[in-house]
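K.L.:
Marked as CoA binding site by TrEMBL: Arg197, Gly198, Gly199, Lys200, Thr317, Ser536. Residues or ranges marked as ATP binding site by TrEMBL: Gly397, Glu398, Pro399, Asp421, Thr422, Trp423, Trp424, Gln425, Thr426, Asp512, Arg528, Arg539. Per TrEMBL, the feature Mg(2+) binding site maps to Val550, Val555. Look at TrEMBL and you will find 32-87 tagged as domain 'Acetyl-coenzyme A synthetase N-terminal'. The annotation domain 'AMP-dependent synthetase/ligase' is assigned in TrEMBL to 98-480. The feature domain 'AMP-binding enzyme C-terminal' is assigned by TrEMBL to 544-625. The N6-acetyllysine annotation in TrEMBL covers Lys625.
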Amino acid sequence: MSAIESVLHEKRVFPPSAKASAGAAISGMDAYKALAEQAERDYEGFWAGLARDTLSWHKPFTKVLDESKAPFYTWFEDGELNASYNCLDRHVEAGRGADNAIIFEADDGTVTNVTYQDLLERVSRLANALKKRGVKKGDRVVIYLPMSVEGVVAMQACVRIGATHSVVFGGFSSKSLNERLVDVGAVALITADEQMRGGKALPLKSIADEALAAGGCEKVKDVIVYQRTGGKVAWTEGRDAWLHEIVENESAQCEPEWVGAEHPLFILYTSGSTGKPKGVQHSTAGTLLWAAQTMKWTFDMKPGDIFWCTADIGWITGHSYIAYGPLAIGATQVMFEGVPTYPHAGRFWEMIDRHKVTIFYTAPTAIRSLIKVSEADAKVHPKSYDLSTLRILGTVGEPINPEAWMWYHENVGRGQCPIVDTWWQTETGGHMITPLPGATPLVPGSCTLPLPGIMAAVVDETGQDVPNGQGGILVVKRPWPSMLRNVWGDPKRYQTSYFPEELGGKLYLAGDGAVRDKESGYFTIMGRIDDVLNVSGHRLGTMEIESALVANPMVAEAAVVGRPDDTTGEAVVAFVVLKRSRPEGDEAKQIATELRNWVGKEIGPIAKPKDIRFGENLPKTRSGKIMRRLLRSLAKGEEITQDVSTLENPAILDQLGEAR
Ligand code: 7RM
């Protein structure tokens, strides 16, 4: 049975415990339904109410939703606010400046507490330093930093002065960084000398130097460098400055720049099915509102809770659920620099124990990899730690298979913590379909029901609803405040990628397949319906990897597909035709290693193909189209049952199907 089939046959139901429901923000299905119905009855009133209650406005909005330029929507457009004010100042003004905002644990275990007062001062100092360097409202600043308090400070400092940040994950290559710097038109780059992960120092500044030298980003006048390790770095006088030096003499006060609700808060690049990654543009009010609101609803955050989201700030989850959501509601959160397996695979559980974490949010990949090691080594098993403070668990990024769900539930949650399986995307800004911990009966592997106000549905290729029990295309029928506003610099692509004409031009196309349960209406996500892979919860376009491969002088042609993988969810499999004859044996192995490293250099290590197979050709139709369905079967090692009569060169299948 495939993972999806096993979810669809899943019969176990876990109703919320009385303890989970008591005092929860949404305390039962009746409360959920009441909110969902309120949203349906008075859509704008529902959202306006949340926006007034959850955010602090410098100038109140009078308009709610404007659909006149659909699918380019605006929310709360005439309102003014500042995200950093909402995340920092208002808590300090309310007398909570001494509360911990961030409990930072470094790779080597060193713990640093940062209060709201500290954070506000650090953000203000850097904001002033950026202003002094000429960074102003509307400018874009690229952030290429490790998991660090400085990362959050940098993001908050940008939005404090009305600059829009674009964070690039520290695992991306110089080429990927260069492409993003160019596309976003950055005026400054904030980076670090090195990052520390799993006891190893990895360069960042030298990669940044390479990215800047690659050209096209002459607008970058300032490179600000956070000194993490003290490792040796090259220095460009007049351009480079140490972060600690430039903030030293700055004032700890910086008046926030009030911006319109629609002002771009950040741009975050994500892979699509075609072309280069898209710069997903998010608005200030809508994104902040939903990040804060879902902290309260999905995670039921209350005073005294200690929240820990293990995502990197380079991904959307780290934006909404580290840099913005927890701070917007004045919560205390743990932030971790390192990796789950260093110095041992019990690190997550040890940290939950040490910091008395109450709400833990991670990815299925991490859970699956820790199951393997902890079942083999009792010392690192969650049962060897005191996890009794935990009350809610969450997952994000990819489908979670019922076995991993059950293990997480029993071993980490001791059978007592609801698991919120949150379905959402870079483009949606925050959670869309998820259980509510005090309300929703859980079914392992299902993300259950949409949040109140989110009009998710499953439709066919023409945009018509399909009946429950029948698979289809996941869409959202109405605009919501935290949705992306545009693809940076490419409105056409925004329209064609997310609001395709075939579906009528008004439905938001998520790019996932889904099915709803016949009785409960619960959603189960069936994975991407486009050429986007999900490897360890990271989105990768097959075309991006193919372009990287064919950029290698040895490669004539390449096709990339995904294959289900026990640990990473999906694995990258590349079919490659070389310009020379097809290599075999050790030579094939050696060239495969070379190509794998090449892709690592071109995109980043996460994109390295797990499996590379060489052929004299690729399976093509007589009209020259690569038959990807066949490649997917070959990648899985399945027998080919499809009709291959239209294939130009059927003999190629034996060659490519061969196990390496
Ligand atoms: C938050 C994030 C988005 C894609 C999305 C899905 C997949 C995410 C779940 C999931 C099944 C989930 N943003 N996805 N969450 N699939 N269940 N709970 O991951 O832009 O990087 O990826 O991830 O395919 O379209 S993302």
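Cβ coordinates come from backbone N, Cα and C, glycine included.
Context for these features, please: burial, neighbours, distances.
P.N.:
The Cβ of Gly198 (CoA binding site) lies under 8 Å from the Cβ of Asp107, Gly338, Val339, Thr341, Tyr342, each of these being in the same chain and 6 or more residues away along the sequence.
Secondary structure from DSSP puts Pro399 (ATP binding site) in coil. For Pro399 (ATP binding site), the Cβ neighbour count at a 10 Å cut-off comes to 23, with all displayed protein chains included.
In three-state terms derived from DSSP, Val555 (Mg(2+) binding site) belongs to an extended strand segment.
Averaged across the domain 'AMP-binding enzyme C-terminal' (544-625), pLDDT in this predicted model comes to 94.
DSSP assigns Lys625 (N6-acetyllysine) to coil, not to a helix or a strand. Residues within less than 8 Å, Cβ to Cβ, of Lys625 (N6-acetyllysine) and separated from it by at least 6 positions along the same chain comprise none.
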K.L.:
Go through the binding-site residues Arg197, Gly198, Gly199, Ser536, Val550, Val555 and pull out the ones with a Cβ less than 6 angstroms from some atom of ligand 1.
P.N.:
none
K.L.:
Going by Cα-Cα distance, which of the binding-site residues (Gly397, Pro399, Val555) sits nearest to Lys200 (CoA binding site)?
P.N.:
Gly397
K.L.:
Among Arg197, Gly198, Gly199, Lys200, Thr317, Ser536, the annotated CoA contacts, find the widest CA pair distance and round it to a whole Å.
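P.N.:
Per the listed residues, the maximum Cα distance equals 24 Å.
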K.L.:
Report, as a single number, how many Cβ atoms besides its own are within 10 Å of the Cβ of Val550 (Mg(2+) binding site).
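P.N.:
Excluding its own Cβ, the number within 10 Å is 15.
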K.L.:
Counting only residues 6+ apart in the same chain, whose Cβ is under 8 Å from the Cβ of Arg528 (ATP binding site)?
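P.N.:
Result: Gly511, Asp512, Gly513, Asn534.
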K.L.:
Do you see any of the binding-site residues Arg197, Thr317, Ser536 whose C-alpha is within 10 Å of Gly397 (ATP binding site), and which ones?
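P.N.:
Passing the 10 Å Cα cut: Thr317, Ser536.
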